[in-house]
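These come from Swiss-Prot:
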- 1-47: topological domain 'Cytoplasmic' (TOPO_DOM)
- Thr3: phosphothreonine (MOD_RES)
- 48-68: transmembrane segment (TRANSMEM)
- 69-72: topological domain 'Extracellular' (TOPO_DOM)
- 73-93: transmembrane segment (TRANSMEM)
- 94-234: topological domain 'Cytoplasmic' (TOPO_DOM)
- 231-234: region 'COPI binding' (REGION)
Amino acid sequence: MQTPPESTDVKLDTLNEPSAHLIEKNVALPKDIFRSYLSYWIYEIARYTPVMILSLVIGVLVLLIIFFNDNEACVFNSAIFAFTSLVGLLIILSDGNPKLVSRRNFRTELLVDVITRKPAVEGKEWRIITYNMNQYLFNHGQWHTPYYFYSDEDCYRYFLRLVEGVTPKKQTATSIGNSPVTAKPEDAIESASPSSRLNYQNFLLKAAEIERQAQENYWRRRHPNIDALLKKTE
């Protein structure tokens, strides 16, 4: 397994840095660090405390069954507890999106970063956003490693689920680009308090507007004649 470059320690709290494109090239995500998704998955599981505890319990119970196989009561009770622990372990392993990562402060942090950077569909900005979110989860104790999102695609899919069903007010690309953003990424935790629910909804609507415009730009680049095709179907 490779080690992340020292440049990943660069602070990316603002977008005022003139060399943002250079920072993006040096940001290392888990998919760049690990040889495969399997090695990444094993690394994450091995550092997840509930998994380690349950694995240790199962191991001890199996040893009890082996060494005390002539004691029916011990074997029976150990087998019951081992089976229960195994079920719990499988439930934890199958939980790919823990509740910790659905906390309002994290979602607000993600929305503010999207609003600030205005990423394109499949844009390089998503690498920086993903790196920031991984660092945020780790630094705030919401995840046990700084590698929650394996790739920028994973973070982007999470964002799409977040804004799914949100109907933004239709704006032009110019109006979106010129709209003032009064919130800063470091203010996201405060904005996520229960008394600031309206701010969160505003962030959600704004991020949905940016994503809608990014989708329009993406499909227009891929199909320059899309407007003519749409007129024919009317």
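Placement of Cβ uses the backbone N, Cα and C atoms for every residue, glycine included.
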What are the DSSP helix, strand and coil residue counts for the topological domain 'Extracellular' (69-72)? 1 helix, 0 strand, 3 coil
Please average pLDDT over the topological domain 'Cytoplasmic' (1-47) for the predicted structure. 65
